[in-house]
Amino acid sequence: MEEISALLGGFAVAITPYNMMLMVVGIVLGVIIGVLPGLGGANGVAILLPLTFSMEPTSAIIMLSSIYWGALFGGAITAILFNIPGEPWSVATTFDGHPMAMRGKADEALVGAFTSSFVGAIFAVILITFLAPMIAKFALRFGPAEFFAVQFLTFASFLGMGRGSPFKTLASMCLGFALASVGLDGVTGTLRLTFGHEELLNGFKFLVAVIGLFGIGEILSSMEEGLSFRGAHAKLKMDAVIRTWRQLPRMTFTFLRSCIVGCWMGITPGGATPASFMGYGLAKRFSKNGRNFGKGELEGVVAPETAAHAAGTSALLPMLTLGIPGSPTAAVLLGGLLIWGLQPGPLMFVEQKEFVWGLIASMYMGNLVGLVLVLTCVPFFAAILRVPFSIIAPVIVVICAIGAYTVNNAMFDVWMMLVFGVMGYLFTKLGYPLPPLVLALVLGDQAESSFRQAMLSSQGDVTVFWSNWLCGGIMTLGLVLAFWPLVQTVLEKWRGGAVATPA
Amino acid sequence: MSHAPEVQEERPLVSTRAADIAVALLFLVASAVVIADSMRLGFNWRPNEGPAPGYFPFYIAVVMALASAVNLARAVALPPEGEATLTTRPGFMRMMAIFIPAVVYVAATTWIGIYVASAIYIAGFMIFFGRFALWKAAGVSLSIAAIAFMMFEVWFLVPLPKGPLEAAIGY
Amino acid sequence: MSVRSLKASALVLGAALGLAAGPAAAAWEPTKAVTFVIPAGTGGGADQMARFIQGVIQKNNLMNKPVVVLNKGGGAGAEGFLEMKASARDPHKIIITLSNLFTTPMGTGAPFNWKDMKPVSMLALDQFVLWTNAEKNYPDAKAYIDAVKAAPDRQFKMGGTGSKQEDQIITAAIERHTDGKKFTYIPYDGGGKVAVQLVGGHVDSSVNNPIEAVAQWRGKQLKPLCIFDSKRSTHTGKITEDMAWSDIPTCTEAGLPVEYQMLRGIFTTSGATDEQVAFYVDLFKKVMATEDWKAFMDKGAFNETTMSGAEFEAWLTEAEKKHRELMQEAGFLAQAQ
């Protein structure tokens, strides 16, 4: 096959001792960046960009994309250990990752998260290797109506997940939507719900809310239950990798499902954060262990991590072939490509063959090197939990404050983080589920704009969502998922009836 | 932890019912605020354009108000006797032990910068609640502040709030 | 010798030394890292340019302190401008502007004005080009406008970045030449996205900046019809097999008399002294003298008009007036004003 020979050529470009060294440096930096919520992958890439001007473009992009892989790996660490999502796409990882850590299984959760990141990323890279041109064309079919359909599907896959009161779930979700609508309305350029306060111009940012709701909320609950950090007494065993890997084969379907969801969301481009929620939601619904999700189930870590990384990786494809970045980090990488005189776009695979295949080869290598690096560090990460609580607790508050501040460089957000913290504590105690709130917050804005863009182009005609097979198909799938519990009971009744009638 | 577990009487402070009622009422207030602003923006379906800017917030807030009304009714209907406890007095005190200093910390950040404030906050918590010796607390908190400073200001060039001390050393 | 005469002779000596070393030695220099505010999100045209400038300054050691880039794009950029207004006394802050310098306060009523900052220099003017999908194969701008005139009202969709900003202003200006037929303007959240939506056929045309759509032009997916400038581009290097930016006719030539360019300029805070402003003017002169900068200008087909000082202020006053008129005509002014 033509691709394989091109890829082998790419490996020849990528695997030089110098490039391998850059890869390791990039990944280590990336992990650090991913761990601290104050530093996003975009920061790291942007800051190192000037340093790479003296390098060959291929070496430079290898180092910069390695930061990206490192940050993808690193986001899970604080999510699992302290319930603070280091990156937006690690929010869903906290749902089961942190309960696992509290049950003394932090090392298994970390190994599970890193391994699934690797699997998701590799799946996406294989897809990029063989199907890039075809997929690029497919992404072009997505207009506002199709975007809304995908966002609707993400939501539908997550609906009806709470065990608690449906009215509390509803209230929590609506609050998320309401918070998402604060600030400038992108479609008409009018200010909503700001009441003349300049601080509110920017709206409530997702990351500020999750740092408060999850990170600060968790600290408050831990304090309430006494001065100890649950899970602190985890015994450190060195066989965590083997122990965890042994459990993974029975999750093959979860892996596969999340890989497909992730690639789909990365290419369309829905983004890594919605992908992680969708992966988690679908796994919860269709896995045999689904009922135990939220209590510390390894599968609940595997599902969102695999999806997030498949999405994060496949998001590089639209960037290379269409020139639209799938994430802020990808946007800065894109800026870097332009400075080196590489023009991402339809001709990139034709004109800069060597560079593109070198990059793809480095994706394989970068993820493999990254996996080895982070797995060797698992005992070290898990050991952080043994630091006395009276040191860890204020340090977590400081890390949260820095993280919240850097989202918009505003002290106002740090205050909001404290408010969200109290909210997170109260909501958890009173049985208001948090996941619908954060999902509404992350998707509300986008879904509303897509819906209204679609309405603008169809002159207010709602049937636009069923105007072609792609959009209509996704919408219908979304409706089926939303009403799945209902469908299930009907199916069971029907089946029961079918058995009963002949008798 | 080294010190003995708390053996104080765990006296209930706030009942779950009371908190439930309070939160449901806050939800209703939030709904009212959103509805009021949406009416200002308009929530109709405009010809050729689709929904107006207030359309989504308006209906979202209406649903939120209805759901909260149900939550409120359910909470009120609960019998006050033998009700579940949201938090106990010692539990609440422990939460305030980290939360009130956190509020002071955030307020202080505006004046003395995040690094100095963080060092004081961490050291204070270690001394008063971890019963660490002063020199240990100072060592840990100062090195954390210094590492954070190097990381953000020097290596990654992410500007965080700074105060007079940082200005004195040229940042 | 009295103390006074000692001082006087020291002054003379100092002045002589200053003269010998040239004016630069006496000038102000930053004493800490300079924050470079971008009133837009990551990945857009302003962000690309600012990060590029950061790279040029560091690569060529043009300043003794580092440049820190800060995105503050909330509220259509209002956040970034308000930050500049609030830190009037900190001369270690500069900002890159786009048209939202004028359109955001007019459209949203956000309380700021370019006079709340101190103008440094105009780096360039960014162009706008009327693009259509190459498959539709409109021969020129006139044919496209005729098609709009012939179709029912709002049949044609124009994609653009943001609402009540430059793209929609140009769209409103085009609509004055379409016999009362309106476009359906669909706002997206980034120029790159608009270009891709145009390739996918979800909108009929766009007014993307050259740099946002150049890749799709080279890939034969998009076709430029005309450029919204008074004269053709000065960039004559071939971009596609047979065309250069200079081969694109102006819209006036093509029978669509609409002109619009977007300021890419630098401002510092209002409290900056003349010396401090002079430092930045000089810094950007050095940036613009580099080879990298020239290549960047070529790729993005920028109009390389630069100015600073009184000339720049006069230009700004004029541009503000023009924007107010355009916004007024299009009905985009905030009610509060």
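Every residue, even glycine, has its Cβ placed from backbone N, Cα and C.
Marked as transmembrane segment by TrEMBL: A:20-49, A:61-84, A:109-131, A:138-158, A:170-188, A:200-220, A:322-343, A:355-381, A:387-407, A:465-487. If you look up TrEMBL, you'll see A:20-439 marked as domain 'DUF112'.
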Contact call for the transmembrane segment (A:200-220) against the transmembrane segment (A:61-84), three or more Cβ pairs under 8 Å: yes
Criterion met for the transmembrane segment (A:465-487) and the transmembrane segment (A:109-131) (at least three Cβ pairs under 8 Å): no
Remote residues contacting the transmembrane segment (A:61-84) - C-beta distance under 8 A, at least 6 residues beyond either end: 14, 19, 22-37, 40-41, 44-45, 48-49, 52, 55, 90-91, 93-94, 97-98, 100-101, 106, 109-110, 113-114, 117, 121, 211, 214-215, 217-218, 301, 305, 308-309, 312-313, 316, 329-330, 333, 336-337, 355, 358-359, 362-363, 366-367, 369-371, 374, 381-382, 384-385, 392, 396, 399-400, 403
Sequence-remote partners of the transmembrane segment (A:355-381) [C-beta within less than 8 Å, at least six residues beyond its ends]: 6-7, 9-11, 13-15, 19-20, 23-24, 26-28, 30-31, 57-58, 61-62, 65-66, 69-70, 73-74, 77, 81, 106-107, 110-111, 114-115, 117-118, 121-122, 125, 128-129, 236, 238, 240-241, 313, 316, 320, 342, 348-349
